[in-house]
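Novice: Supplied in structure tokens, the structure appears directly below.
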Amino acid sequence: MERKFNDQELIRREKLKNLQEANQDPYEIEKVSRTMTIGDFNSKFAKLKTHNTNNNIKLAGRVVALRQTFGVIRDFYGDTQFYLNKKKVSKSMLEYFNKVLDLGDIVEIFGSPFRTQKGELTLDVKKIKIVSKALKPLPEKWHGLEDEELRARHRYVDLIVNKDSMKVFVDRIRILKIIRQFMDSQNYLEVETPVLHPILGGANARPFITFHNTLERNFYLRIATELPLKKLIVGGFDKVYEIGRIFRNEGMDSTHNPEFTSMEVYAAYENMEYMMRLTENLFKYVAKSLKKPVVKMGENEIYLTQKFRRIHMVDFIKQETGVDFWEVKSNQEAQELAKKHNVKFEKHQSTLGHIINLFFEEFCEAKCIQPTFVYGHPIDVSPLSKKDYKNPGFTKRFELFINTKEYANAFAELNDPIDQYERFEAQVKEKSLGNDEAVEMDMDFIEALEYGLPPTAGLGVGIDRMIMLFTEKSSIRDVLLFPHMKDKK
């Protein structure tokens, strides 16, 4: 396929050709022996006042600025200025700087540190060599709303030119470490479970399907890690968690990506209230570790170290609408209330439990600005949750909402194999009525429960949304290194 290059790209390719013909091919270089990183250079000579000719330093990085005989070089750890003194360097070196070097080139520079008249730490360069030629120029402008898609599509360029973007992803790594530190401090073991599942389960979502050639059957990319983790509790593990990729063949928006990271947590012999405390303590631990007790999301300031609000779903609906679902006993009555309040429902959502959940989504979610635990979800929308024996029709389940978005979902796990079998059957019926997200019958999981699952509490946390919260980003694209994108038109 023939490629077309613009004028700048053609000039850079010509410079590369000249280097190669002069036996200076930068791509032949395998290793650069740096004296130190640029970050270490800036730290070591932070108090330097005069020219230190006794220190001969070799630095390496990308050229991100050029002006006359000055330049700026950048590596992962920082930026520093460099300078070629016309009176000191050879004519050939000066010509190399002026006629061969381009913005974006990766170079090694050798020289000694000094301070300019303006007081800026600078490397007085004796020798400069390109170790990787940039054949594409860096963009001149790389900011503003119009560039958001471009930045996500070409993340490598975004990372080169946008320090703020690099910081977000370094923060992401740091937050993941902090989460693991917290889980380790609570005596949890991190485990790994399969990504390919033979049966769809663990969440209500549409899957990606792939074909296993050897086994001659379809598999699903996991939509949750719940069922295999609960099997580990059956097997005798006490406290486990998994941080990993989840795949859901659904839409994309500011808080959804088809491939995302979640953490699921399971603890034997614990209940919903324990998991609620653990969730609150996790968010507070991360907030304190990052020294961010308050984060700003849009116009809202979120207070993460204050006590999280707790409210039952039915009480919340009554508070916002005046409708008291504690007094509603039939599907027909619920449907009439839905029509009266313009709450639309599909055929598979015509039960009392589904309509309660729809009322919550319609009238209550938007009111959850500060961290709020909403608990007591209907059985109809909670096929894996233990029922609330004091309130038939409801479960021991909660969701954590912050700034109107769900951040965590947890419950006392259903460990009654007979009840679980019946709920799977109900899900199969829902699928036949058009609910593409209903789970399938999983007899292997039923058999695992029949061996005995102790009373268990479980939790799922959306890691990407959590990172959005602590980095104060409004789009999931901004916290994913390589988000899924529509094809270029």
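Our numbering is plain: 1 for the first residue shown, then up by one each step along the chain.
Each residue, glycine too, has its Cβ placed from N, Cα and C.
Checked Swiss-Prot, it gives:
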- Glu399, Glu406: Mg(2+) 1 binding site (BINDING)
- Glu406: Mg(2+) 2 binding site (BINDING)
Novice: Can you see whether DSSP assigns Glu399 (Mg(2+) 1 binding site) to helix, strand or coil?
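Specialist: Glu399 (Mg(2+) 1 binding site) sits in a strand per DSSP.
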Novice: If I restrict to non-local contacts, at least six residues apart, and a C-beta distance under 8 angstroms, what lies near Glu399 (Mg(2+) 1 binding site) in its own chain?
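Specialist: In sequence order, the residues whose Cβ lies under 8 Å from that of Glu399 (Mg(2+) 1 binding site) (at least 6 apart) are Phe373, Val374, Tyr375, His377, Glu406, Ala408, Asn409, Ala410.
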Novice: Would you mind checking how many other C-beta atoms are within 10 angstroms of the C-beta on Glu406 (Mg(2+) 1 binding site)?
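Specialist: For Glu406 (Mg(2+) 1 binding site), the count of other Cβ atoms within 10 Å is 16.
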Novice: Give the three-state DSSP assignment (helix, strand or coil) for Glu406 (Mg(2+) 1 binding site).
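Specialist: SS state of Glu406 (Mg(2+) 1 binding site) = strand.
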